[in-house]
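Data first, discussion second: the structure below is written as structure tokens.
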Amino acid sequence: MALCGAKKRGNGEPCKRHAIPGSSRCKLHGGKGSGAPKGSKNAAKPGSLYSQFLTAEENAILPSIELGSVDGELRLTRIRLMRALNQENERGETAELEARVEREGAGEYQAKTEEKFKVRDYAGLIDRLTGRIESLEAKRAYLLSQEQDRQLRDLELSDKQREHGKSGGGPITGIAVRVVGHGS
């Protein structure tokens, strides 16, 4: 059986391990590996990271979702803000049930069900939502100014094309020079 032949780092001697059949190297120095398991999805790359985690019904409505407009998201965020403000007014500082754990085999000194209550941080939620609204408003204003700039450039371009069309049109192909002499 053939030996590996790869040089070792420390002293430069060739490796004396047996090479993998069909290769000139041992497993340690890059001989044939076993490869990925059958049916492996290691190299599968769908459109985006988030598409892996969508449900079937979310994948079905994905093509119908409107893109390129922040107005819909702004409306939704404002609705969420109104809901959070209403919940803060209704519940305020009262604790809400967060989790209920039921135990089997509880003794006489141990509760069979344990309920955990928590006061929701509505102030933090409202702050995050108002920050999101502020960000969306700034993005909306930026997009509107970009659209106005584009329209202005289009108008200027059409004006220049109209002026050029009145003067004869087409590219300038030559210049005519007329010399006027002084009467002597």
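The backbone N, Cα and C atoms fix where each Cβ goes, glycine too.
Please treat TrEMBL annotations as automatic predictions, because they have not gone through curation.
What TrEMBL says about this protein:
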- 1-46: region 'Disordered' (REGION)
- 37-46: compositional bias 'Low complexity' (COMPBIAS)
- 119-146: coiled coil (COILED)
- 154-166: compositional bias 'Basic and acidic residues' (COMPBIAS)
- 154-175: region 'Disordered' (REGION)
- Query: Can you tell me the mean pLDDT for the coiled coil (119-146)?
  - Reply: 92
- Message: Based on DSSP, tally up the residues of the region 'Disordered' (1-46) by helix, strand and coil.
- Response: 3 helix, 4 strand, 39 coil
